[in-house]
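Per Swiss-Prot, the feature region 'Ribokinase' maps to 1-329. For 204, 205, 206, 207, the entry in Swiss-Prot reads ATP binding site. Swiss-Prot lists 274 with the feature active site, giving sequence analysis as the kind of evidence. Swiss-Prot lists 356-487 with the feature region 'Cytidylyltransferase'.
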């Protein structure tokens, strides 16, 4: 997935608007308890600073390679300068940051002893005149939506510090909607009216409980309430973060789609929500579907919670997470008939169209890969029925297959276009098709529709047959013949 979007990241511009914060860390060791009070004594060793709040969202985007601009307030103080410098060092455009007189840069200072957070001290000053502040930001941000340099995605990072007023949010969302720019919101508080007509909201479980009033009940009840909220706000989808249970996509489908958590170890959840909204925005800007973008965001969150303190993810870490994920997914993609039937039922429940194709796929070549990619585009999922070795021998002769069935299945499962590989030992896939009940039956364009095995069955339950163009001059038989001729 990342290979397909990495180049797009570098070509996309994301604008972040919200509450800027500086995270300060005081690192040391704890070896004793104070004689003055029952508190640990921390022997200070070093101090570090990181971007927090909306600044951390921007930091994640920049580390993923996107052109990133940020708009918000800092105070006319040294912490504000430290934060601006940190953003600029990450390559983030800070021209939209306004120093605000009489206001302190929001700073969170954490004392860390022996890799354990001992204390957090917050310094923040309430905005004295929120209407004036909103007007200043309005004047700053609205011109950034116009012209050739306008963003591909806007992210509103709301920490309820008074920066994202109702008036500012609605002005941004309405103008962006008219321009076709998606607006993603990491929300706060119990009044979500300010986010009406946004593209997506990413509340966590607690935030969704707070705004919907569903304090008790199971997760399904909460997600049902989330769907009602989505409809009332005219929002395209909710990405509900569920800690150890992953992320749920609430978008009007019959059942919310769940993406399981991928974290191996959890050290610190600070900033995980920032990483989710940033990676989701990056994925959508790069052209991913909302489900694929959320899958990417879920992997990214699994990386950052394994770090101590507020942290951002970079491309190398995301590559590693995707490789690990692909390793696990590959074995899961090879299924028996019963498992395949269950998985397809789940996809159907999520409103996804399932494409089925079949073949021997002996000596996988570029023609096969192109065919499978085209077949996958006919729906949302591609199931590949693979002839067993015995079946191939009956069809192709005793010298075939050249590659054993488990090896063929393993290679095919590694392809991004293939969602499931199912072996069948019959001469035709008719029985398998009857069991799996796909929506679309794909076959090479060297067949006629009336020649496609299972076509009548699929049409009977409302599906269709699709003929896919083949790459000329590419076939396993041709390769085998050329090899034999050279002996």
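For all residues, glycine too, the Cβ spot is worked out from N, Cα and C.
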Closest by Cα to the residue listed as 'active site', out of the binding-site residues 204, 205, 206, 207, is 204
Determine which residues of the same chain, besides 204, 205, 206, 207, have their CB within 8 A of the center of the CB atoms at the recorded ATP site, and list them by sequence. 203, 208, 209, 210, 240, 241
Local confidence of the region 'Cytidylyltransferase' (356-487) - pLDDT mean: 88
Looking only at Cβ atoms, how many others are within 10 Å of the one on residue 205 (ATP binding site)? 17
Let's check the environment of residue 204 (ATP binding site): how many other CB atoms sit within 10 Å of its CB? 20
Judged by other C-beta atoms within 10 Å of its C-beta, the most isolated of the recorded positions 207, 274 is 207
